[in-house]
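J.: Here it is, the structure in full.
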């Protein structure tokens with residue numbers, strides 16, 4: 001296989017709605033920007049991806065990766081049609097690589113079945129038509145158990161209903177129910193203000209949980225490996241290895 005490395009590369013980075021491997025994906029993309037001279041990254045973010053990126057407090061970092069210049073646009077699915085002009089660049093082979101990390105099981109299932117009804121799945125489909133190689137990091141790589149970290153949450157055993165967290169939340173993401181307080185993750189910006197003011201250490205960030213990778217999702221990942229010009233990677237750090245960055 002012939003791969004193009006070097007200066008003036010253009011990459012599309014697709015983000016879907018997975019929290020697993022999200023922070024690692026950001027670390028890798030920032031590292032690519034540092035290590036590859038004049039690298040241009042166009043970032044595509046699905047609707048669910050935007051919500052998840054915000055709740056993990058990473059949204060602001062997107063502008064350090066895609067600053068809005070030509071071929072460095074930040075494309076949010078909620079602001080653009082599925083047939084965004086950016087995907088046309090892919091079908092014309094204007095980019096060197098497409099990277100989808102992390103890729104949800106839903107995204108992978110659509111891709112392997114030829115469904116291109118969203119910004120990200122359409123981009124991957126057009127990349128295949130334009131001979132643009134896609135590096136995809138599925139969160140459901142192999143059937144079994146994986147450990148992942150959650151965004152902000154409230155430990156109800158520690159919470160004393162002082163409501164200080166509600167007062168400092170800039171987006172109204174924390175609400176009081178009858179006898180407990182809850183973080184609405186769909187509105188959370190991941191700013192951490194609530195954790196800073198909580199006198200009872202009831203705000204939890206990065207709690208580890210176990211999740212099952214279903215066999216059907218792992219099977220779809222296997223099918224993904226069979227698609228033309230698609231390279232499936234187990235972890236975002238393997239992207240660095242692909243580009244010979246140590």
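Even glycines carry a Cβ here, placed using N, Cα and C.
Swiss-Prot lists 150-178 with the feature domain '4Fe-4S ferredoxin-type 1', giving sequence analysis as the kind of evidence. Look at Swiss-Prot and you will find 159, 162, 165, 198 tagged as [4Fe-4S] cluster 1 binding site, backed by similarity to another entry. Swiss-Prot lists 169, 188, 191, 194 with the feature [4Fe-4S] cluster 2 binding site. Per Swiss-Prot, domain '4Fe-4S ferredoxin-type 2' is recorded for 179-208.
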J.: Given the binding-site residues 159, 162, 165, which lie within 10 A of residue 194 ([4Fe-4S] cluster 2 binding site) by CA-CA distance?
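T.: Close binding-site residues: 165.
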J.: Three-state secondary structure of residue 169 ([4Fe-4S] cluster 2 binding site) from DSSP?
T.: coil
J.: Could you check which of the binding-site residues (169, 188, 191) sits closest to residue 159 ([4Fe-4S] cluster 1 binding site), going Cα to Cα?
T.: 169
J.: Count the residues of the domain '4Fe-4S ferredoxin-type 2' (179-208) that DSSP assigns to helix (H, G, I), to strand (E, B) and to coil, and report the three numbers in that order.
T.: 5 helix, 6 strand, 19 coil
J.: For the binding-site residues listed here (162, 191, 194), which one has the lowest count of neighbouring CB atoms within 10 Å of its own CB?
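T.: 162, out of the binding-site residues 162, 191, 194, has the fewest neighbouring Cβ atoms within 10 Å.
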J.: Taking DSSP states H, G and I as helix and E and B as strand, how many residues of the domain '4Fe-4S ferredoxin-type 1' (150-178) are helix, strand and coil?
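T.: Its residues fall into 5 helix, 5 strand, 19 coil.
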J.: Restricting to the domain '4Fe-4S ferredoxin-type 1' (150-178), report the mean pLDDT as a whole number.
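T.: Over the domain '4Fe-4S ferredoxin-type 1' (150-178), the predicted model scores a mean pLDDT of 95.
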J.: When a 10 Å sphere is centred on the Cβ of residue 169 ([4Fe-4S] cluster 2 binding site), how many other Cβ atoms does it contain?
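T.: Residue 169 ([4Fe-4S] cluster 2 binding site) is surrounded by 20 other Cβ atoms within 10 Å.
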J.: Listing them in sequence order, which of the binding-site residues 162, 165, 198 have their Cα within 10 Å of that of residue 188 ([4Fe-4S] cluster 2 binding site)?
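T.: Those near residue 188 ([4Fe-4S] cluster 2 binding site) - Cα within 10 Å - do not exist; the answer is none.
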